[in-house]
Amino acid sequence: MKGLVKRYARRGLWLEDVAKPEFGINDVLIRVIRTGVCGTDLHIYVWDEWAQQTIPVPMVVGHEFVGEVVEVGGNVLDFKKGDLVSGEGHVVCGLCRNCMAGRRHLCAHVKGIGVNRPGAFAEYIVLPMSNVWLHHEGVDLDIASIFDPFGNAVHTALSFPLLGEDVLITGAGPIGIMATAVARHAGARYIVVSDLNEYRLELARKMGATLAINVKERDVASTQEELGMHEGFDVGLEMSGNPKAFQDMINNMCHGGKVAMLGIPSGAMGIDWNHVVFNMLTIKGIYGREIFETWYKMSVMLQSGLDLKPVITHRFHYTEFEQAFAAMESGQSGKVILDWE
Ligand code: NAD
Ligand code: ZN
């Protein structure tokens, strides 16, 4: 089968013929239909320090996908040939305290597809049956292919109640703008989104932001004034990983405000802890998706009218992967999709 392989420990990916993955009695063999390109894949493509320390070479990369079940192991009763599925890319140990208690997203020994084990940028992928999500009838294939980052957005956005609340989202990358649409769908009042990238701020407006501001031109505090808010944002969703953005957020939260932090800073990051202490803020770290509560929420929000379409800005055939990575690297993109058919 064809696969996009991190063949050499340097910039690039290589389209190669690789062995179709073998599967065991508890596994599902899936024919990949479409994949999403993630910021993580770009890190692996450019081969930055994180990738050098994390990614085994050679390996098939990629983790956002939708596909069709082609074969199942002997123990698998809940999936059958032809089912339209995506995969939870975090393969958990099943044995640690959190796994045993059913809190699988908190597993202490998680392995990621396309990061620690073979990934989805290939014609076929194998996953344990406990990582397979069956899509609802009528789901859009592009949207189904990005359930992984959509799940990051939903996990973060629904960490705290949003109905009637004022929400600040720092970072209008694909996940920030999906979180914008989710917060709108979940009944937030004002949603302010910040970024430095005009292309992405425009997408945030399409996805339901009340105000999408370029922090090169105006500060977050000015939006509170414009909207007539007097006490700060109730909920903050940090989706940039940028220290300046995080500080902006801490400075603009109300007393008792709640911050969910998805963005991954490149190193240690300082903030003024006086704001946290005296304003009694709650800060919650978010990793991955709740398995499978977040997936359930994604599915039912789509069924109840959540529209994510504007997030998808580019589509390429997998043989055009170089163009796809160029679109990602340019920053002039939302979600980039690769077609594997
Ligand atoms: P992305 O890199 O595409 O988007 C980040 C955005 O933040 C960019 O548009 C950038 O211009 C903007 N930004 C930079 N500095 C800013 C500032 N000072 N103020 C406001 N915005 C600023 O990333 P993404 O794919 O949308 O993911 C969002 C974040 O979540 C990234 O940090 C990513 O690494 C992280 N992530 C975390 C998890 C997890 O499980 N915790 C999973 C996926 C992604
Ligand atoms: Zn575990």
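Including glycine, each Cβ sits where the backbone N, Cα and C put it.
Predicted automatically and left uncurated, TrEMBL annotations should be read as such.
Positions annotated as domain 'Alcohol dehydrogenase-like N-terminal' by TrEMBL: 26-133. Here the domain 'Alcohol dehydrogenase-like N-terminal' (26-133) is broken down by DSSP into helix, strand and coil counts: 24 helix, 40 strand, 44 coil.
TrEMBL lists Cys38, His63, Glu64 with the feature Zn(2+) 1 binding site. Neighbour density for His63 (Zn(2+) 1 binding site): within 10 A of its CB lie 24 other CB atoms from the protein chains shown.
Within 10 Å of the C-beta of Thr40 (active site, charge relay system) we count 23 further C-beta atoms, all protein chains included. TrEMBL lists Thr40 (among others) with the feature active site, charge relay system.
The annotation active site, charge relay system is assigned in TrEMBL to His43 (among others).
In the structure as shown, the Cβ atom of Cys93 (Zn(2+) 2 binding site) sits within 10 Å of 14 other Cβ atoms. Summarising the annotation, TrEMBL assigns Zn(2+) 2 binding site to Cys93, Cys96, Cys99, Cys107.
Residues or ranges marked as domain 'Alcohol dehydrogenase-like C-terminal' in TrEMBL: 174-301.
The NAD(+) binding site annotation in TrEMBL covers Ile175, Asp195, Arg200, Leu262, Gly263, Ile264, Ile286, Tyr287. Just so you know, the Cβ of Ile264 (NAD(+) binding site) picks up 12 other Cβ atoms within 10 Å once every protein chain is counted.
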Under 6 Å from ligand 1 by Cβ, which recorded positions from His43, Cys96, Cys99?
none
In whole Å, note down how far the CA of Thr40 (active site, charge relay system) lies from the CA of His63 (Zn(2+) 1 binding site).
9
Neighbour count first, Cβ atoms within 10 Å, every protein chain included; then name which of Ile175, Ile286 tops the list of binding-site residues.
Ile175
Have a look at the binding-site residues (Glu64, Asp195) and report the one with the fewest Cβ neighbours inside 10 Å.
Asp195
